[in-house]
Amino acid sequence: MQNETRSLWPHKDLLDVDQLSKDELLHLLDTAAQFHEINRRPVKKVPTLKGKSVILFFAEPSTRTKTSFDVAGKRLSADTFSLAKSGSSLQKGESLKDTALTLEAMNPDVLVIRHSSSGAARFLAERLACGVVNAGDGWHAHPTQALLDCYSLRQVWGDTFEGRTLCILGDIAHSRVARSNVKLLTSLGVRVRLCAPRTLLPAGVGNWPVEVFTDLDAAVRDADAVMCLRLQLERQQAGLLPDLREYSNRYCLTPRRLELAKPEAKVLHPGPMNRGLEIASSIADAPASLVLDQVAAGVATRMAILFLLATRTDGGR
């Protein structure tokens, strides 16, 4: 497996999903499936990355993604080290570049970074010799979330993405998850619909390869899957949406609305959820929900990413 992977994986970094060819994407998902199977065993730890080191540099708050990467690294027997902005020299005025160069002097094999500035991961990848994984940069991209979402859908759909319809619902304007999912899923032939109040749709969305809706009933009709996004409550304070009750009345995914989708439609949510606001509790806990499947897929997918980058062909970008 390792020799084959080295011959197939040329990328030093994972910055966004559009850097991957279809063959590379499928190879990554197939690798994740192998790790997913390992994660179901009584003994989940494998020596695949023993002796490798992974630094988790989260300059923006995170619980789910950071924990998922930490678990992924440890299950591969890598040494993982966590650094948050509150405990780093960034708080003392040190530049991002100098902080990263200091970390690289410790010779990690992979640096996983989350940062509030769009482009931060690329900035580091262009300057550091170690592999860099973008765990979210501003509103720009969240490639590992899109990859685990794709993996979760593949578990249901198989490889028949072409012609499927996915509705992404919620705060699209400020969502790096939506942006990466649109890029990835449309490249596989999925028809993507975006649904949000006009104030939560991004500028230039008319140029995206999607259909845009402000009416949720129309957006979910005959969809194969619906992805709800977390509503960031500070958006109401900024005047970007009406009061929360009105938002819930118009944009909460309820059983009645899900019935408008196809009978076998699945529901996704990147978490954390605001139950009763963007998604009804009965839907979040229903058999149609893939929310917990996404969590399991996240560990397996991130194991695959760390493995592929840490054992990559030298010289790839």
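Each Cβ is built from the backbone N, Cα and C atoms, and glycine gets one as well.
If you check Swiss-Prot, you get these features:
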BINDING   Arg64, Thr65, Arg114, His142, Gln145, Gly271, Pro272  carbamoyl phosphate binding site
BINDING   Lys92, Arg176, Arg230  L-aspartate binding site
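The carbamoyl phosphate site is set by Arg64, Thr65, Arg114, His142, Gln145, Gly271, Pro272; from the centre of their CB atoms, other residues of the chain with a CB within 8 Å are Ser62, Ser68, Ala135, Gly136, Val177, Pro270. The Cβ of Gly271 (carbamoyl phosphate binding site) has 17 other Cβ atoms within 10 Å, all protein chains considered.
Counting other Cβ atoms within 10 Å of each Cβ, the lowest count among the binding-site residues Arg64, Arg114, Arg176, Pro272 belongs to Pro272.
Long-range Cβ proximity for His142 (carbamoyl phosphate binding site), meaning a same-chain Cβ under 8 A and a gap of 6 or more residues, is found for Asn134, Ala135, Gly136, Arg176, Val177, Arg179, Ser180, Pro270. Maximum intra-site Cα distance, carbamoyl phosphate binding residues Arg64, Thr65, Arg114, His142, Gln145, Gly271, Pro272: 17 Å. A helical conformation is recorded for Arg176 (L-aspartate binding site) in the three-state DSSP classification.
Close to Arg230 (L-aspartate binding site) in the fold, though at least 6 residues off in sequence, lie Gly170, Asp171, His269, Pro270, Gly271, Pro272, Met273, Asn274, Glu278, each with a CB less than 8 Å from its CB. Thr65 (carbamoyl phosphate binding site): 23 other CB atoms within 10 A of its CB, across all protein chains. The secondary structure of Arg114 (carbamoyl phosphate binding site), as reduced to three states from DSSP, is extended strand.
Neighbour list (Gln145 (carbamoyl phosphate binding site), Cβ cut-off 8 Å, at least 6 residues apart, same chain): Thr65, Gly136, Arg176, Val177, Ser180, Asn181, Pro270, Gly298.
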